[in-house]
Amino acid sequence: MPATLSSSDSNDRSPDLRSPLLSPTRKPTEERESEKLCIDDMLQKYCGQFGPWQMRHFVLTSLAWALEAFHTMVMIFADREPDWRCLEGAAGSGCDVTARTVCGLKPGSWEWTGGLGSSTVAEWGLVCEEKYKVGLAQALFFGGCMIGAGIFGHLSDSFLGRKGSLTVVCIMNTIFGCLTAFSPNYWIYVLLRLLTGFSTGGVGLCAFVLATEPVGPTKRGTAGMSTFYFFSTGIAILSGIAYIFPQWRELYIASSIPSLLFLLAVLPFVSESPRWYLVRGRITEAMKLMRAIAKSNNKHLPEGVVLALDEEANNDSPTTNEEDQTYKELLDSKDAISGSLIDVVKLPMTRMRLFLAVAINFLCSVVYYGLSLNVVNLETNLYINVLLNAVAEMPAFTITAILLDKYGRKPLAIGTLWFSGVFCFAGSFVGNAGAWKVVKMVCGILGIFGMAGTYNLLFIYTTELFPTVVRNAALGCATQAAQMGAILSPFVVVLGGGLPFAVFAVCGIAGGVFAFYLPETLNKPLYDTMAGMEDGEGACRSVN
């Protein structure tokens, strides 16, 4: 029988005796610390910045850019002035085969080479005093784009979401694009092009934001620059489609069907943006998507990690499981955080950024679309010219993407704008006869080479300048400005001679000057809220 323990022995040994008895009764839900992370930090630390999930999602979403190229650049072929010839037996009727235009020729003495259905110009006689109607139709298309960019930019930030907005615009593009092929007269054609422009204006900005928001901060710049490969590829493919379908009505159907295929075969496999879920207060869906990203990327997202908005994640104090659960329930019950352009204008920091982004996007668009449409003035093979312009854009994207994270957004924006401006300036002094045609074409190709890099860069740059709650609204406003430039570009092209190149040169150089006043966003986080951005940028300034 064991000896009786003394009181002092009992006190000394009591911890050893009680410890093993209490240990098994400790609950697995014992409070322990967890961490609150914003999406950028969670992608970097646990989910992967650009793994298989982001690659698949990026490619599927960016296919929409090819659709935008189809609906935008189809006007180059559908509204072209085709070749013409004198009718046999029309000698002495006033038809002059050496004439550069049909204006002044007697009706019935000549005919369009491809027939009346070869283009809208041939079918509705949009030549001579009616030529302005070609520029009007093109300008109204871009006018529709301007309106649509603003409206869908707001809708994609609000209840409709990025994916929902992209779905709606693709449905509208399919319907209006196909209906355009059955236009009975010019004015119905203009109306349908306006409506097509309205839906097309939302395609690029919705696809861009949806494709880049789930990408980590160090990979986002390269990914964002790569979206425009799809746009240029779409232009190159369109030149082949236009060659196969030379009749303008058939061409509109052929260029609209891909939007339907995208809706049925691609969009069901595209996910909504986790950032949109987060700012809308739908934390459960956001966390579910982040776990799916981590799993697909062969990563592991710990249970204790909590997704948070910028200002909440900036609070470094640790939380327990009980507090963490309370936080999740609170965030799930919170009203959605929203913003508008009014909020952007109220804050001095974002107001100046918006003004500069609008000005640069406007000037860039005048040059980019102007050079694209100006191929009709170069008197060379239209299909080859469009193809060469599209191919010339791709090296610009590659070079800009390589240099983007090395030199930053601001220096590249200035450099590409001035590069384009210099070659446009040179092109304004080159004639349009003989061998000089080739020189002028090269100036145009190099001009679009530089401006394509800028146009591409501006999307990622503008995206990084504004927080999630107003990102699409701000991008939509900048896109609206770009569409205003696009509206102006057909009328610049009509000037002919060296004047279009001179205007493009001034726009490129002026855009580079404005870019000097933008802040650098390289390696800066994508802020979620206005307060989070203001606090983050303020902290950066105080450190510097």
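Each Cβ is built from the backbone N, Cα and C atoms, and glycine gets one as well.
TrEMBL labels come from automatic prediction, so no person has curated them.
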Next item on the list: From the ranges 134-152, 476-494, grab the one TrEMBL calls transmembrane segment.
Entry: 134-152
Next item on the list: Answer with yes or no whether the transmembrane segment (354-371) touches the transmembrane segment (223-245) by the criterion of at least three Cβ pairs under 8 A, sequence separation 6 or more.
Entry: no
Item checked: Cβ pairs under 8 Å between the transmembrane segment (438-461) and the transmembrane segment (354-371), at least three -> yes
